[in-house]
Amino acid sequence: MDQTQHPSKAAQPLRSEKTRHCDGFRIFLAALSFSYICKALGGVIMKSSITQIERRFDIPSSISGLIDGGFEIGNLLVIVFVSYFGSKLHRPKLIGTGCFIMGIGSILTALPHFFMGYYRYATENDISSLHNSTLTCLVNQTTSLTGTSPEIMEKGCEKGSNSYTWIYVLMGNMLRGIGETPIVPLGVSYIDDFAKEGNSSMYLGTLHTIAMIGPILGFIMSSVFAKLYVDVGYVDLRSVRITPQDARWVGAWWLGFIVNGLLCIICSIPFFFLPKIPKRSQKERKNSASLHVLKTDEDKNPVTNPTTQEKQAPANLTGFLWSLRSILTNEQYVIFLILTLLQISSFIGSFTYLFKFIEQQFGQTASQANFLLGVITIPTMASGMFLGGYLIKRLKLTLLGITKFVFFTTTMAYVFYLSYFLLICENKAFAGLTLTYDGMNPVDSHIDVPLSYCNSDCICDKNQWEPVCGENGVTYISPCLAGCKSFRGDKKLMNIEFYDCSCVSGSGFQKGNHSARLGECPRDKCKTKYYFYITFQVIISFFTALGSTSLMLILIRSVQPELKSLGMGFHSLVVRTLGGILAPVYYGALIDRTCMKWSVTSCGARGACRLYNSRLFGMIYVGLSIALKTPILLLYVALIYVMKRKMKRNDNKILENGRKFTDEGNPEPVNNNGYSCVPSDEKNSETPL
């Protein structure tokens, strides 16, 4: 065969056998599947660790929401570069670089753990010596202990000068967002360009199915790591007197990011050995060469036509502005844009604080919440997505039919979500916050609850948080505020029991030597509601996933074919900015307003929340999601109306063209698909529905 026809063949023998092995489309698919698993794994680990990060860094929910939104911030920083230059560069290597950056970002997120020092769940005076602390009620003492002593606070502040180390977590999450950006668009375009004709959809479906392994692994890993104490391997775990049920417990949140970071770096390696264009069959090479010969010299060397180059820049700018105006004046596109923005905002905001909601409402640990959501919810969503795609194909739904189907599934999920209002639990019986200190009467406000007769003689530190559960089922902020005079326990401060608690004996009990034990009282009354919650969560996840597979199809069919890329890009920009970044922040800010007891940092500043008003938390969490979901249903009705009106307008055009052809002697004006054989005169006409 003539060498001039295949100039690349002369260089082929120079390739090493190792490179030949990597010159395959299947290897790219396998590596891309691995990267999908890694990026989904990292996302779930971040969401699952939000509460742990709040406690470890002593930050409110609004700051943790900003940290969570850092992923979208990083994504937006490079999305324009990736969208424009990605297809022109070496796509596999660019994806590999993204995976490597994603791994570095994940490791950076965990880095503060190694230089912050040990986690202190109690103040310095609590852990120094139990005999010299303010744990028990000190009667007739001259020293006032209504607050932490300045000496101890200054000492602790010097040790804990890590007030802004959470910024490293934010930067790490931003790096994860930067690294994730090229994976999906370049991976999908690579498959679409080089897969055999008709196989692209099968490959993409398989890819998304395999990606579901990531969330399942993420939930299981988070469940295991949440049981481990944050400083595991550094401290004697027998000396840790708090349990995962305690509001101060911090699990080994950093382990998940280390594991995910290493996996991301490993999955980046194969991409660097893949070619820019995969090895193809000889037939495909011949077709490619034939197409190459058909190119004109002007196409190959645009410099030879300077007039075209001079006119290109202003023409591109004018074309871009016209295209942007076209999609923003497209009412079908704008309605769908607002609709999906509300959907994404509701989903991201509620999912970010889902684990906190379960912990505060039903008294479940982070480990239990992660395990149940991973084992039950994710498989349910996977089956819903598969069934949704099957039903649409089986029923051969049109675009209008698909929109009605999604409207039905969204309505069903909305109805079941309303039932969450019935599952909101009442506040804990907490003396000094929801009840008077004697545990007998509710209080109107949790701010500055006055001392009772049972502990008015005690000299207590009100900033101290060492909750104890009395025999009466009431939780007290500390043994001192429970009026406990003595205690019994081992030297490691484990299984301590306090006695002669005057406030416990005043709660409808006979006077006597009543006791209290370390830790909050369990919320047994909410266990039944928790099982109902899990059931409704599975149903809601199923209906949500059932209709989610069609959202992208509605989007790309709402604009003209030549504006598809711009429409998808603008949609992604708006949704990521207003949904992915802002939703966790305003969800967190509203949740912060329900806090009844804040921790106090070593420097005396406000830290993380110890206890929320459960009822108010539930009303805001569920109510905010309902407030975002309600307009969605109205917008779906408007979208269906606009689609029907557009279909009617298209039908009228077909009839007019039919009469025109009939007048000219053409008896069959319409093709088999029901559309006119002659293109419409209107340049701005949309894709037929």
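Quick reminder: no glycine exception, Cβ is built from N, Cα and C everywhere.
Swiss-Prot gives the label phosphoserine to one of Ser290, Ser445, Ser565, namely Ser290. Swiss-Prot gives the label N-linked glycosylation site to one of Asn132, Asn199, namely Asn132. Residues Ser161, Ser288, Ser507, Ser676 are shown; Swiss-Prot lists phosphoserine for one of them, Ser288. Among the candidates Asn140, Asn316, the residue that Swiss-Prot annotates as N-linked glycosylation site is Asn140. The topological domains that Swiss-Prot gives for Asp193 and Lys564 carry the same name, which places both on one side of the membrane. Checking the candidates Thr307, Thr662 against Swiss-Prot, the annotation phosphothreonine falls on Thr662. Across the candidate stretches 93-117, 212-232, 369-392, the maximum count of CB pairs under 8 A to the transmembrane segment (27-46) is reached by 212-232.
Among the disulfide-bonded residues Cys454, Cys460, Cys484, the ones whose Cα is located within 10 Å of the Cα of Cys503 (disulfide bond) are Cys454, Cys484. If you take the Cα of Cys480 (disulfide bond) and the Cα of Cys454 (disulfide bond), they are about 10 angstrom apart, rounded to a whole number. Counting neighbouring Cβ atoms within 10 Å of each of the disulfide-bonded residues (Cys469, Cys484, Cys503), the lowest count belongs to Cys469. Residue pair Cys454 (disulfide bond) / Cys460 (disulfide bond) shows a Cα separation of 12 Å. Outside the transmembrane segment (369-392), and at least 6 residues removed from its termini, the chain residues within Cβ reach (under 8 Å) are 48, 205, 208-209, 212, 215-216, 218-220, 222-223, 226, 354-355, 358-359, 402, 405, 409, 534, 537-538, 541-550. Non-local neighbours of the transmembrane segment (534-556) in the same chain are 333, 336, 340, 372-373, 376-377, 380-385, 387-389, 391-392, 399, 402-403, 405-406, 408-410, 412-413, 416-417, 419-420, 423, 564, 567-568, 571; each lies 6+ residues outside the stretch with a CB under 8 Å from one of its CB atoms.
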